Amino acid sequence: SKWTTVNQTVRDKKIGVLCLQETHLTTDHQNQIDTLFSRRLRVLSTSDPIRPGNSAGIAFVLNKEITNTADATMRVLIPGRAAVLSLKWHNNETINILNIYAPNNANEHRNFWEKINSEWSRTHAGTIDLMVGDFNITEEPIDRAPARYDHESATEALRELRSALNLQDTWCLENPNQRMFTFSSNHNSLSRLDRIYTSTRHSESMIDWDSHISHIPTDHHMVSVRFAPPGLPHIGKGRWSWPIGIMTDENLIKRIVRLGIETQQTLEEMNVRDNTSNPQKSWSTLKTKITDIAKETLKIHLGKVNQRIRTLTKDLCKITN
């Protein structure tokens, strides 16, 4: 299911907070997610109260292994369209992340952005550190191919909100002449609808900007950034584990079975037990060999996937240039 892929993506990419739009979540779906993935994930969501489960829905997916989820709270500004996640970061500082799923109709944008501003100001809940999501408009012609200006009133309203919240398009400021698209329409046009705005005080703490095809079923690219403020503890790579994708590889399974049979024969023929020849040593060797061939198989699988990505990226560059 899609949420199995979400869980896998959060784990493999070590994502602390994943912001989703168009979630289609109902109460039953939410309960199922909480039951199946409560060990790693905490999901906070809001949907359209008039039509639960329709496309107007957003969610925050928190990785319990990375973030402090116990004190995390969500404040809904516009049901199914805008909500703020507040959580304690590693330095015990509270950060606020505004998740946006803007309307498709540009004529609705001015009221939308003004309502967000008024609702957030009314709560007196501090500053917004990041604003992320699907904005359904672009601010500059360079963010569309073919290049064009978007609805003037909608763009102006978004900029007024950014100014009020003291947010900036940090990726754009760091890459003023570069183009990056996150959505392809049925009319063969490209656009950077999905963006991450950051508070000006965090501009030097944002690294590893990326946009790539997501394993999660969607027609948008996933946009990501690493938030690394000064003073955070170092987080290592963690313990390696088998990716689910190679569990059904028949050749891999046959090789593991063969290694197991060979190890079993070695144990049955073991007459002398010493520091170099004993069941524990044989078992440890077997586990090491299994891990090695699993990693070897994974490289083959990833090689095919990466080749496919390179081909698609090359085709995309031809379209945009």
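Each position is counted from 1, following the chain as shown.
Heads up, the Cβ atoms here are built off N, Cα and C, so glycines get one too.
These features come from TrEMBL:
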type	residues	note
DOMAIN	10-220	domain 'Endonuclease/exonuclease/phosphatase'
BINDING	Glu22, Asp134, Asn136	Mg(2+) binding site
SITE	Asn136	site 'Transition state stabilizer'
SITE	Asp194	site 'Important for catalytic activity'
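Distribution of TrEMBL features across the structure.
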residue: Glu22; record: Mg(2+) binding site; Cβ within 10 Å: 17
residue: Asp134; record: Mg(2+) binding site; Cβ within 10 Å: 22
residue: Asn136; record: Mg(2+) binding site; Cβ within 10 Å: 22
residue: Asp194; record: site 'Important for catalytic activity'; Cβ within 10 Å: 23
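Across the domain 'Endonuclease/exonuclease/phosphatase' (10-220), mean pLDDT in this model comes to 90. Relative to Asp194 (site 'Important for catalytic activity'), the binding-site residues with Cα atoms inside 10 Å are Asp134, Asn136, the candidates having been Glu22, Asp134, Asn136. What surrounds the Mg(2+) site, by Cβ distance within 8 Å of the Cβ centroid and not counting Glu22, Asp134, Asn136, is the set Gln21, Tyr101, Ala102, Asn104, Gly133, Phe135, Leu193, Asp194, His220 from the same chain.
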